[in-house]
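Over in Swiss-Prot, the protein carries these features:
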BINDING   HIS161, CYS196, CYS200, MET207  Cu cation A1 binding site
BINDING   CYS196, GLU198, CYS200, HIS204  Cu cation A2 binding site
BINDING   GLU198  Mg(2+) binding site
TOPO_DOM  1-26  topological domain 'Mitochondrial intermembrane'
TOPO_DOM  49-62  topological domain 'Mitochondrial matrix'
TOPO_DOM  83-228  topological domain 'Mitochondrial intermembrane'
TRANSMEM  27-48  transmembrane segment
TRANSMEM  63-82  transmembrane segment
Amino acid sequence: MTTWSCMNLQDSASPIMEQLIFFHDHTLMIVTMILVSVLYFMTSMTINKNENRYMLEGQTIELIWTIAPAVILVFITTPSLRLLYLMDEIHNPTMTIKTIGHQWYWSYEYSDFIKVEFDSYMTPYEEDNKKMFRLLETDNHVTLPMNSFIRIIVTAADVLHSWTIPSLGIKADATPGRLNQSSFMINRPGLLYGQCSEICGANHSFMPIVIESVSTKKFIEWIKNLSE
């Protein structure tokens, strides 16, 4: 999760987020190279001897500054389109969960199991409890097995919401009367935090999301206890 003075993206917990971080670094490198080039040309223009100040046209330079941006865009759009289509693919999910946004809490249904559903509300912050994160704790965590492809179906019961887990690279809009889906695979255990990312009313900032990633064995035990 994000901490104070963190200038980087969150540590990835899924292959998709890892690829998004690589793409971010790739694009940032290209932008840095462009910035350095522009600064170099601006500096050289200010300290030159104005030998070409009466030049009206230059076919070579015009060809270069037309082709160069096109080549740069190819280097940016190619990995971008690859990631875009990769994020839309559903890889034979191991299980499906459904999340419903309400004002101002989340409901979860495990579609592959019988009577496994619950609501998730924000836990009030306690000043004395140093282990709590402000506005990020919930009374019920979404427990999921790691190293398994999960499909999530997102909708809303009242107004627009957005189910977002930054460390998974997931941001799915919750729209009333519409089902949106996405998929992810968690590759490490732990707690993953997120929040509603669509302004949905007075208590919009009080809709945290907590995913608890566990082993398959512990997940089965959790399902059995919840079904009883």
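Keep in mind that glycine also has a Cβ here, set from the backbone N, Cα and C atoms.
Keep in mind that this is a model prediction, so the values were computed, not measured.
DSSP states for the topological domain 'Mitochondrial intermembrane' (1-26), grouped as helix (H, G, I), strand (E, B) and coil, give 12 helix, 0 strand, 14 coil. Away from its own ends, the topological domain 'Mitochondrial intermembrane' (1-26) comes close to residues 79-80, 83, 86-87, 133, 136, 166-170, 184-188, 190-193, 213 of its chain (Cβ-Cβ under 8 Å, at least six residues beyond either end). The most densely surrounded of the binding-site residues HIS161, HIS204 is HIS161 (count of other Cβ atoms within 10 A of its Cβ). Taking the centre of the Cβ atoms of CYS196, GLU198, CYS200, HIS204 as the Cu cation A2 site, the nearby residues of that chain (Cβ within 8 Å, site residues left out) are GLY101, TRP104, VAL159, LEU160, HIS161, SER162, SER197, ILE199, GLY201, MET207. The separation of MET207 (Cu cation A1 binding site) from GLU198 (Cu cation A2 binding site), Cα to Cα, is 10 Å. Of the chain residues outside the Cu cation A1 site list HIS161, CYS196, CYS200, MET207, GLY101, GLN103, TRP104, TRP106, SER162, ALA174, GLN195, SER197, GLU198, GLY201, HIS204 have their Cβ within 8 Å of the site's Cβ mean position. In sequence order, GLY101, TRP104, TYR105, TRP106, MET122, HIS161, GLN195, CYS196, CYS200 are the residues of the chain that are 6 or more apart from MET207 (Cu cation A1 binding site) and have a CB within less than 8 Å of its CB. According to DSSP, MET207 (Cu cation A1 binding site) sits in a coil region rather than a helix or strand. Between the listed binding-site residues, namely CYS196, CYS200, the fewest other CB atoms within 10 angstroms of a CB are found at CYS200. On the 0 to 100 pLDDT scale, the topological domain 'Mitochondrial matrix' (49-62) averages 74 in the predicted structure.
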